[in-house]
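K.L.:
Below is the structure I would like to discuss, written out as structure tokens.
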Amino acid sequence: MAPRVPSGGIPVPVGAGTRITTVWYPAADPAQSRGVTTTTSSATAAPPRAALTPLGLFTLLLGAALPMIDFFIVNVALPTIEHDLDAPPATLEMVVAGYAVAYAVLLVLGGRLGDTFGRRRLFLWGVAGFGLTSLACGLAPGAWWLVAARVAQGAASALLLPQVLVTIHATTSGERRARAVALYGSVGGVSIVLGQVLGGVLVAADLAGTGWRAVFLVNVPVAVAGLGCALRSVPDSRAERPARADLAGTALLAAALCALLLPLTEGRAAGWPLWSVLLLCAAPLCALAFHRVERRAERTAGSPLLPPSLLASPEVRRGLLLGLPVFVGFAGWMFVTAVTLQQGLGYGALRAGLALVPMGVAQFGASMLAPRAVARFGGRAVAPAAVAHIAGLATMAATALLGPWPHLSPLALAPGLALCGIGQGLELPLYFRFLLAAIPDRLAGTGSGLAATLQQSCLAVGVATLGSLFLSLVPGAGMRGALAVVLAVQAAGLLGLMVLGLRLPGKDHV
């Protein structure tokens, strides 16, 4: 079996009859694109929204971390699951793929449901569902029971995650929003480290003889605590004019994403069988049908799941473009790094997780500096973030090629990992900030789901492309040679990100 490693300016009401609008990202209105704040009066202005408290923010971030930690924590337990449940490789693959595909496919729908029924309600449903499905995973009597529970767990994650960013966006403003989005951007790096380390500790500890089941059961008390905190502290918000369900669009988007993600997730390990090729060929056809259905729904005053006019916005397209090299490169980097640490350098799961701590710490610290970077450089803060990330990749490649391979210590790897963490810590908050600032308030939930869907889809693409490149190079170039090539390819993508960053608006447009 192939090694299993991680794939992984809205209006702010301020008083009766008064509305202040601050635009951070360039808009069609020239006055707004200069960052001008305008005030208008209206007798029918919406009442002030509830502010997000520190406890509420902590609860939302905890909810965002749960699905990401779970994605990485399970990979550590896969060998034990294989032995305990006598699971064949294909079934074991589905333990990971079932969660990832259900998660990615339902994110946009989760965002739409939050717009319609209330984001607090969907967040509560998602947290409760995540806790219940974690319990089902931990009590699974067989491999296929575990697969089914993991699919349900991915669906619960898709309900809860889109509500996090859109609730932050709807209940904060100004510097508080910038700091909250920066914290949200830091969750990914911290979750990777926590998932790897916690997974190694729980499996090794074998608490009360639970073995691998502890990696799922540990979620249950956390979900219960999160549910209690959310009931007390997370404010509600929803779209002013909730849209009707778009059943045809939902079905076609799910078909397109399944046709893309299932073969990318399962195809490499299965040797790219015929079904995987056929599904990849069907994916663009499903996407084209989805686009036509959505365009017709928008033209006839329907309620498209993902309005084509949203994707036609240059600001939205630019925001999505920022995410492509970041997420594709990150997924490939995680795959390659995990294989290198555990198979090339002989690290155990726990030591491999601890080796990533410098990256997680640096990413968290850099995320906290992202608002200052935007204040100083505007959108062009993307460029120095890409430079730091490229420097980290170059340092890692030099360490592998020039160091005492295969006896590299975690300390020797720390400088390169820290630089990568700094780059990622700046890139992620900027991606979410650019994209959500370009999306209308009435579509905020859909936009949050779109941002997360792009992220999850790119993770699958990154593992399928960069991961396959790495594995194909190992027999001829050796593991460190293959590592250097993949890091160079990722750096090339980040060079494109740097060029794009230099073309973004400067601080005068913030």
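Glycine is treated like the rest: Cβ placed from N, Cα and C.
The domain 'Major facilitator superfamily (MFS) profile' annotation in TrEMBL covers 56-508. Per TrEMBL, the feature transmembrane segment maps to 55-78, 90-110, 122-145, 151-170, 182-205, 211-231, 243-264, 270-290, 320-341, 347-370, 457-475, 481-502 (among others).
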K.L.:
Average pLDDT across the domain 'Major facilitator superfamily (MFS) profile' (56-508)?
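P.N.:
Reported value for the domain 'Major facilitator superfamily (MFS) profile' (56-508) is a mean pLDDT of 85.
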K.L.:
Could you give the residue numbers and ranges of same-chain residues that sit at least 6 residues beyond the transmembrane segment (182-205) on either side and whose C-beta is under 8 angstroms from one of its C-beta atoms?
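P.N.:
Distant Cβ neighbours of the transmembrane segment (182-205) are 6, 57, 61, 64-65, 68-77, 80, 164-165, 168, 211-212, 214-215, 218, 334, 348-354, 356-357, 359-360, 362-364, 366-371, 421, 424-425, 428-432.
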K.L.:
Take the C-beta pairs under 8 A between the transmembrane segment (122-145) and each of 90-110, 211-231, 320-341, 347-370. Which stretch has the highest count?
P.N.:
211-231
K.L.:
Are the transmembrane segment (320-341) and the transmembrane segment (481-502) near each other by the rule of at least 3 C-beta pairs under 8 angstroms (pairs 6 or more apart)?
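P.N.:
Since 3 or more Cβ pairs under 8 Å link them, the transmembrane segment (481-502) and the transmembrane segment (320-341) do come into contact.
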K.L.:
Is it true that the transmembrane segment (55-78) and the transmembrane segment (243-264) have 3 or more Cβ pairs under 8 Å, skipping pairs fewer than 6 apart in sequence?
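P.N.:
No, the stretches stay apart by this measure.
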K.L.:
Between the stretches 211-231, 320-341, 347-370, which one has more Cβ pairs under 8 Å with the transmembrane segment (457-475) than any other?
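P.N.:
Top-ranked stretch among 211-231, 320-341, 347-370: 320-341.
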K.L.:
State the non-local partners of the transmembrane segment (211-231) in its own chain: residues 6+ outside its ends, Cβ under 8 Å from one of its Cβ atoms.
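P.N.:
Sequence-distant neighbours of the transmembrane segment (211-231): 55-56, 58-59, 62-63, 66, 70, 73-74, 76-77, 80-81, 84, 120, 123-124, 127-128, 130-131, 134-135, 137-140, 198-199, 202-203, 205.
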K.L.:
What residues elsewhere in the chain lie close to the transmembrane segment (320-341), defined as a C-beta under 8 angstroms and at least 6 residues from its ends?
P.N.:
3, 5-8, 75, 192, 347, 351-352, 355-356, 382, 393, 400, 420, 424, 427-428, 430-431, 434-435, 450-451, 454-455, 458-463, 465-467, 469-470, 479-480, 482-483, 486-487, 489-490, 493-494, 496-497, 500
K.L.:
With Cβ-Cβ distances below 8 Å as the criterion, list the same-chain residues six or more beyond the ends of the transmembrane segment (151-170) that contact it, or say none.
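P.N.:
For the transmembrane segment (151-170), the sequence-distant neighbours (Cβ-Cβ under 8 Å, at least 6 residues beyond its ends) are 10, 49, 52, 57, 60-61, 63-64, 66-67, 70, 98-111, 113-114, 119-120, 122-123, 125-130, 132-134, 136-137, 177, 180-181, 184, 234-235, 237, 432, 436, 441, 444-445, 447-449, 451-452.
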